[in-house]
Amino acid sequence: MASSQPTSSGPILDSPPSPNPQSQLNTETSSSQHRANPSEAPAQPGPGPARPSALTKRPSHREVAAYRMSRKLQRLRADSNQPHSPTMELPDRLKDNGKEEDNEEDVLQPQGGMFMNMNQSIFGLIAAAGSTVDFHDRFEGQSSEDEDDVPNHMAMTFAGPGIKGTARNRETAGTVKSLSQTVVFNKPPASATVDAGPSNIHRRRLPGHKLLQSVPSLSRLSSSHKSKKTKQHNATAMADNKIEEEEDPDPSSPLPPLSKDETESLGLAPPIEIVRAEGNGAPLMSRMLEARAEMEARPSFDLDRLSGEHRRDDAGVTGQLAKKLKDIFEFDTAEEVIEEYPCWLLQHVLLQGYMYITANHIAFYAHLPKKAHEIAKSGYLSKSGKRNPKYNRYWFRLKGDVLSYYQDPKDHYFPAGQIDLRYGISASVNDKEKEGNYFSVSTHHRTYHFKADSARSAKEWVKSLQRVIFRSHNDGDSVKISIPIRNILDIEEAQMVEFADTCKIRVIDNDETYAIDEYFFSFFSFGKKAIQVLKVLVEDSSPEDSGANDAPKGTGGDRAIGDNLGSPRTRTFSEGVKATLSPVSPIQIASPSSRASGDYFKSSFDGTRPFSRRSFDASPGTAGYAGSPPRRLHGDGRRSFSKPRHEPHASTDSYAQSFDDPSQASLSALVASGSEDQSASQILRGSDVFHSPIFRRSASATRATTEGEGVAAPPIVRQHTAGLVRLHGPHHAATTGQIGDHMAEAEGGPSTPMLQSIAMMGNYPLQRANAFMGYLDQQSRRMSNLLATESMGYVEKVSGMWKGGKKHYDHPAGRRTEREDVEDDPEERALSEARFQAHFALPETERLQAAYFGFIVRVLPLYGKIYISNRHFCFRSLLPGTRTKLILPLKDIETVDKEKGFRFGYSGLVVVIRGHEEIFFEFAKAENRDDCAITIIQSLDAARYLAESQEVEEAQAAEAERDALNQARNEEFPDHEIELPRQASGVSDAPTILFDDPKASFLNFKPSEPMRITCLTIGSRGDVQPYIALCKRLLEEGHRPKIVTHREFKDWIESHGIEFGPVEGDPSELMRICIENGTFTYAFLREANSKFRGWLDELLTSAWEACQGSDLLIESPSAMAGIHIAEALGIPYFRAFTMPWTRTRAYPHAFIMPGQKMGGAYNYITYVMFDNVFWKATAHQVNRWRNKYLGLPNTSLEKLQPNKVPFLYNFSPSVVPPPIDYSDWIRVTGYWFLDEGGDKWQPPKELTDFIAKARADEKKLVYIGFGSIIVSDPAKMTQEIIDAVLKADVRCILSKGWSDRSATVDGVEKPKVADPSFPPEILQIQSAPHDWLFQQVDAAAHHGGSGTTGASLRAGIPTIIRPFFGDQFFFAGRVEDLGVGIYLKKWGVQSFARALWEATHSSRMQMRAEVLGGQIRAENGVDTAIQAIYRDLDYARNLITLKRQKHQSRRNSVATPTPGAKPNAPEDDQGQAAEEDDIDADDEEEESWTFVGGNEDDLTGSMSMSRSDMLSQTVADLRGVKVGKAPALGSRVLSSPPTSPGAMRGAGGVKYV
């Protein structure tokens, strides 16, 4: 014994600092709070020993803070890689000399350094202090009960379930009472835990200290507390130890109690029992020190935490599973695992997991990952208003913990309202309604009523909501429940689930509240055996408990807990129930119980999990929760305060509630009743920091006197019986400090309070009066201050709101002004942050950084307030009568652009969003606009990369914990496999939650027979290359692909073993027209009309011939012929392209790119305009070709329905995110890369030597190539490139490709100009595979074709784009918006040189390019495209089938066919069949009708018209032509041709196009 005492104090006190500095800071904070309050001196009245002034040898507070900050900065520095570079200083040679203007540098230049202190707000400090600080000690002196020890469980192992009395020998009825309470587990954010220490060491813990040992992070937090009060009562402890050494009491009899004098003087009920265990102390202590040193050397997160390699068996005999359970559930020792069973936890849901029965605990574990970013369910519902009973229809989306509803399902950033399910109580179908399609969701704030379209839909919504509520009430990514066997009252079998054995375990939560919790477990296998083992364990511990407690039996044979709670012989528990969620009965879904109501206050540690939710608070608008602080996890147990609460759902208050502490029970209601509206004070009233010191803790059993009164304060007694629980469900009123009167009546016994409560009633009037007087005094002082100052404050607030402005609450990169630093008020900042979180239903981890007043411009400018936090960009309208809200995650923002405002004198800001249209804002002052833009840009990288990495680490840690436990379990219990429930009759509406929710199975849609697949495309090399990659993969799938394109690509295609088919046309001529005239300009149309009529006819004819015999057609829509060929052949038809071609509000058409962001309406109209112009220019020839060669009638853009055709976009979703308004059959698959730089290709020695020399000279190396385009003056461009390379001081690999083709003018070739000679800094090559070459350079500059852009982005290098025509402007804009390159809008030596220098020196651009490159490399676009083809094949086939059926019905409905007409007649203008000229007017399949006035020759200039073009269409054609009426004028077939084309034109008809 003499050697054990120094061991416990010496090494522990002198141990190095914990690797988790948060725990040390919390301890220091707790100590400082004690010292800061003289009235709360730690000295206790009585002869007990005084508390030492210095309990432990710890580093100072400043050292701990410095250590923590250095560790945090080190971690962030490693993750961030300095994403925010300071504004770059250009060399003098590249500075603007006043002769050129460059517009691209405003956005593309990197901004200031990244903000590193996102979580350093007042709430972070509150969480840091609240995690371990005992807030009770602020309001009263130290209680002697806090000095108690708990018995060691090291030697308490069972040999098997059949051995009785083992645990009884290790525990005594006189064990010291500690304030053990149910603890919320925290998710393990750290990598390792510290061994609990030698079992034979006399240790002192904080009250209920083992409750902190739920996860390894808690172990580190608790390690700093283990020696806090070790030196206290050393003499007494030594004496007690001697008694225990000399005496060997009978296991069945309790130890003799201490005398009354000893009890009162020491504040201790029984003596401390020290149980010896095997092993020596020194090796264990050395292992503790080694473990701590190992933890300090590790980073903050390590997935090897559960690997077991660095751990040693504490006792040397336990198995691997026991060690894992010790790590996960933080047992003191590795307890022997008696049995393990797969089971289901029954609450609102059925949760699949495993039960582990150890010597001293029953543990339940289930992996339940958070799904904060997944949409659980979406669809239309009707919702009634708060005051209006009418049901309005909205689009609902259940994502994360929030149920949001929208007026427009495509505007998911603008919710019409939100329901925060973290405060959810339950979701249930209303049984009163016969239809069964009404359901409600209850929260602490209010009850919401919904109406679904069907009863089935309502049940599905309820089940999804129950799952989300369950997940939101669990802290972390796993459900953990640890029940000490000594706390179990009884175990009953309950028939609740058919084909399963269900047991109900009633547990005393802790020995302060004596709440009785119920846990229901169902076993679909091994059920009888499991329940028998549990009963044997409970029977082993019950004799000792009954003998020690002598508690009388209540009704129904259950114990009535608490009759003798005031006695020193009170039954106590060494620890309480530990759980990540509170127990809820499965039969109590709609029960007005505190447990059922979701009173699950969560806790987490901001120091170790800066992005997690710190606490789960009650709704700030509920009066009943005014005095309810959030439940924080620290040494005191379940809540920071154990004072009672008012439940809004319960009935009248009982004696136990009213007389527990009148100052709390009444004053909280008084404060809450002052205002019904949500305010900042109400939002923050749940936080311990904002509680008045007059709130005192209720007296406990071992406290002799209350602090302020000096009168006896016996403990509160709360009685529960099994009959009560069975009648009303497990109300668990003791856990919230109240029992309803209806509960006392249902109990069947008298509701008279105990003598202790009666004694307390005598003091109630005086205490109530004192509390009320204190409240009045406080309110009077507050009102006087309000009259003096607040009136002016409100005026200032309102005037400031309308005047506009800005304010920085947090200070990223020094954005705060000096005035803001001087006027900074932490309390005001906390209030503003809480209001912000309440406005947008955001978690408390959301840190408000800045706020601005401005206008959001949608249809009309709307005034409001802009909020920027560490994760979201939000807007809230301030005009009365408006409710516009914007909630935009920062990770969805690509960039922000500064532009002119829509109104004169206003400055505009454009927020570019992934897959969504831009959002425009206006500011009254340009400086506020600039400040807002800089703040957003500085926050983007941290929100996009750091936050995601943190979430990934947390998820990986939970998975590692699960995998380690499964591995150990499978080794010891390989035959215990879980079974799914066949039928849940007792809880038929309870949804099941599996370990990992299975995704929809990926079915194999591959056709059984190989197909002949034809790919039709025209254009440049970049248009053909993706199809080669696709066809190579189709060959591997067993199909027979064929590429139909220009003849110049024949050898290239056939070299890959792919069949080739030719089409006519010269792509270089088309490119020349586009470059010289622009894409689809008036000059382009005029020249194309005059020169490309014949080219289009040849293209259509050759394409029809080349596609014969195909089973599937995939076409680039620029080829124009494929959709008609597929219709004629009756084969499925897909489209595939390299740029957006489908109508959307997110991006403008790639051929009609504006000079600035124009918004969603403009973007959409560009597609409509292009489709109509493109069809109008080609309709005449296409319809004539359809009639002559395909045997099809005339068609129109509406009848073709191109927007319903399945589409494959072969670019990356990371580069062009799919817009939210894309249909299901439109898929962005990823790039179709053709890697040709493999082993077969060897780079020239000249190229490798040039690259090596550039690296040796430490020069930046760039690639420049404009290979697929034609330039008017190649020599001039070459000279500009040479000058820019020399000016930027880089080395260049130049590839010209097609750019040296000579253009022709009027058939005469222009004379070639000799290219200038290249300096040694430039190496010219003819060609090289991009997949090899781009990996050798630091940046790439090219024309911006889709394939080349994808190759450079995949390499992860910055990209400079100089667009020439077509989609190149679109991809240049995308590269600029993503921040991975430069859009070179102005070409010249100076501009190009500056772009080269910035691309090779901007670390921010390089980091973003590398991240994007990794995302693209992780994709497999070709495989994704093939799977999409298989999935949509039937859909495409059905579209063609419907069209052919329509053609047949048209043929049958023709009234007067033309005699002798032949569908495939070679004549152009004579003898057309009837089906070609009858446009079915009664076509219900059409999307819309388009009537174009005038004639085809208005555009083409041609004066000749075919007979098929002389049909007139009137409005009467829209009515029922097929129902027996005479054909309308426009639908009649002209049996005899008119005398002249002008005769029909003179009739003034409207021609159908």
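Including glycine, each Cβ sits where the backbone N, Cα and C put it.
Here Swiss-Prot flags 1-106, 189-270, 542-569, 611-662, 805-825, 1446-1504, 1527-1553 as region 'Disordered'. Annotated compositional bias 'Basic residues' per Swiss-Prot: 223-232, in sequence order. The domain 'GRAM 1' feature in Swiss-Prot is assigned to 323-370. What Swiss-Prot records for 374-470 is domain 'PH', and it gives sequence analysis as the kind of evidence. Annotation comment: Swiss-Prot describes 464-495 as domain 'GRAM 2'. Annotated domain 'GRAM 3' per Swiss-Prot: 834-900, in sequence order. What Swiss-Prot lists as UDP-alpha-D-glucose binding site is Ser1020, Arg1021, Asp1023, Ala1328, His1330, His1343, Ser1346, Gly1347, Thr1348, Asp1367, Gln1368, and the listing cites similarity to another entry. Summarising the annotation, Swiss-Prot assigns compositional bias 'Acidic residues' to 1466-1488.
Ser1346 (UDP-alpha-D-glucose binding site) is surrounded by 27 other CB atoms, counting those within 10 A of its CB over all protein chains shown.
For the UDP-alpha-D-glucose site listed in the record, the two most distant Cα atoms among Ser1020, Arg1021, Asp1023, Ala1328, His1330, His1343, Ser1346, Gly1347, Thr1348, Asp1367, Gln1368 lie 23 Å apart. With a 10 A radius on its CB, Thr1348 (UDP-alpha-D-glucose binding site) counts 26 other CB atoms from all the protein chains.
If you draw a 10 Å sphere around the CB of Gln1368 (UDP-alpha-D-glucose binding site), it holds 27 other CB atoms from the protein chains shown.
Averaged across the domain 'GRAM 2' (464-495), pLDDT for the predicted model comes to 85. According to its DSSP assignment, Asp1023 (UDP-alpha-D-glucose binding site) is helical. The secondary structure of His1330 (UDP-alpha-D-glucose binding site), as reduced to three states from DSSP, is helical.
Broken down by DSSP into helix, strand and coil, the domain 'GRAM 2' (464-495) contains 12 helix, 14 strand, 6 coil.
Same-chain residues at least 6 positions away in sequence with a Cβ under 8 Å from that of His1330 (UDP-alpha-D-glucose binding site) are, in sequence order, Gly1237, Gly1347, Thr1348, Ala1351, Ser1352. Ser1020 (UDP-alpha-D-glucose binding site) has a Cβ environment of 23 other Cβ atoms inside 10 Å.
Shown for the domain 'GRAM 3' (834-900): DSSP residue counts in helix, strand and coil, namely 10 helix, 38 strand, 19 coil.
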